[in-house]
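Participant: For reference, Swiss-Prot lists these features for the protein:
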BINDING   Thr228, Ala229, Glu230, Glu282, Ser382  L-serine binding site
BINDING   Arg259, Ser260, Glu261, Glu346, Ile347, Ala348, Ser349  ATP binding site
Amino acid sequence: MLSIKWIRENQELFDEKLSKRFIEPMSSKIAMLDGEKRKITSLIQEFQHARKVKSKILGNMASKSGEEFEAIQRDVKHINEKLEELEQDLNNNNELNELLNMLPNIPDEEVPYGMDESMNKLVRTYGETNPNALNKQHFELGTKLNLMDFEQTAKISGARFVTLKGDLAKLERALINFMIDVHTKEFNFFEMSPPVLVRDNAMYNSGQLPKFAEESFATTNGYRLIPTAEVFLVNIVADTIIPREKLPMRYVAYTPCFRSEAGSSGRDTRGMIRLHQFGKVELVSITTPEESKHEHEYITNSSETILQKLNLPYRVMLLCTGDMGFAAKKTYDIEVWLPGQKQYREIASCSNCGDFQARRMKARYKEFGSNETTLVHTLNASGLPIGRTMVAILENYQNEDGSITIPDVLINYMGGLQKITTHGE
């Protein structure tokens, strides 16, 4: 959520920043609604003060009867009625909060202006792409190996699900352990194993609600399946004041993730690129405003290191204003090369959300010996999605006979297995 105080004091700049997100000017409407709310709040405070004064007079009166006593009693009753009316007006005046809840984060100055992904900026590349490489797609390879099942799975669970079998299931497990080891041992992230069900308020705090309600799976009793472990990990600091010396706080977690893929009809309908359920290792960092820019590079490097160790070609893109996520002020997308598609595809997003999530969840820190608190900055990164990493391995490590060579760093995690071959029935 954006700061109403900042909007109030920077209306022209606010509209300018919104325009970079391709949103019409909102400052006038927000200022009007804010003025109404502040007027009601001011009246409530005045009446509360008047009630306090008159109640004190009543308490100090020697005689608890008589015209003067009864007149003041009537005044207090009238004040209470008026307060009830004003507080009801304030509770009903939800338009301002509803409007603020739908506004995305303000882009950082370094973010390029642009409408869509075609305007994203190339930051760096890693590895060489070979236009003459074997180019079967992952679902062809996995199906031929008899280790990836879509058909029978669809009969049981529907479209956009997959069952991995045998050595591909083992590869999935190996990748999880490998990624967690790198992030914890080399980058000092603290491992967590969180629930996959959260309450709606946790989804609100992280920015998924209310704007993206249709993109998640909801239960009938106020819970939602997480679309990413970020939801739980950032909420660890909700409604807390953190000692400055404990920052940064870095968390890593592997979880299944669940997305309805609303609005993705017709996109990536084959294979493992876009599923309703997928596993992902997620990174979250909680830090200070002064350190968040450095932390953004740090958390991005942690994600990149996984691909480097797997020797997978990739590039890093700085997303433009029109392609960034709702809660982000600056985002790097890491795109891995897929020979089967002959293109780079997104495998990770690494975002600095500034104080946007922190304001929603009231997460603050303070210096030792100080009573003043400041909103933390939150950052997140995919570190990485297991399915898309498997896709990249299958396509980049495929052999003429359809077998898959195991990347060197995974051989020990695979119990010494060096190649995945066809599994017989």
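Glycine residues also receive a Cβ, built from the backbone N, Cα and C atoms like all the rest.
So where do these features actually land, and what's packed around them?
Facilitator: Sequence-distant contacts of Ala229 (L-serine binding site), defined as residues of its own chain at least six apart whose C-beta falls under 8 angstroms from its C-beta, comprise Met192, Pro194, Ala253, Tyr254, Thr255, Cys257, Lys280, Glu282, Val284.
Classification of Arg259 (ATP binding site) by DSSP places it in coil, neither helical nor stranded. Sequence-distant neighbours of Arg259 (ATP binding site) (same chain, 6+ apart, CB under 8 A from its CB) are Glu215, Ser216, Phe217, Pro227, His276.
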Participant: Provide the number of Cβ atoms within 10 Å of the Cβ of Glu261 (ATP binding site), excluding the reference atom itself.
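Facilitator: The answer is 14 other Cβ atoms.
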Participant: Other than Thr228, Ala229, Glu230, Glu282, Ser382 themselves, what residues in this chain have Cβ atoms within 8 Å of the centroid of the L-serine site's Cβ atoms?
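Facilitator: What remains near the Cβ centre is Val231, Leu233, Ala253, Thr255, Cys257, Lys280, Val281, Leu283, Val284, Asn380, Ala381, Gly383.
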Participant: So how far apart do the L-serine binders Thr228, Ala229, Glu230, Glu282, Ser382 get, largest Cα to Cα in Å?
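Facilitator: Largest pairwise Cα separation, rounded: 10 Å.
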Participant: Across all chains shown, how many C-beta atoms besides its own are within 10 angstroms of the C-beta of Ser349 (ATP binding site)?
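Facilitator: By my count, 19.
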Participant: Which of these binding-site residues has the least crowded Cβ, counting other Cβ atoms within 10 Å: Thr228, Ser260, Ser382?
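Facilitator: Result for the binding-site residues Thr228, Ser260, Ser382: minimum number of other Cβ atoms within 10 Å at Ser260.
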Participant: Could you measure between Thr228 (L-serine binding site) and Glu261 (ATP binding site) for me? Cα positions, answer in whole angstrom.
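Facilitator: About 13 Å separate the Cα atoms of these two residues.
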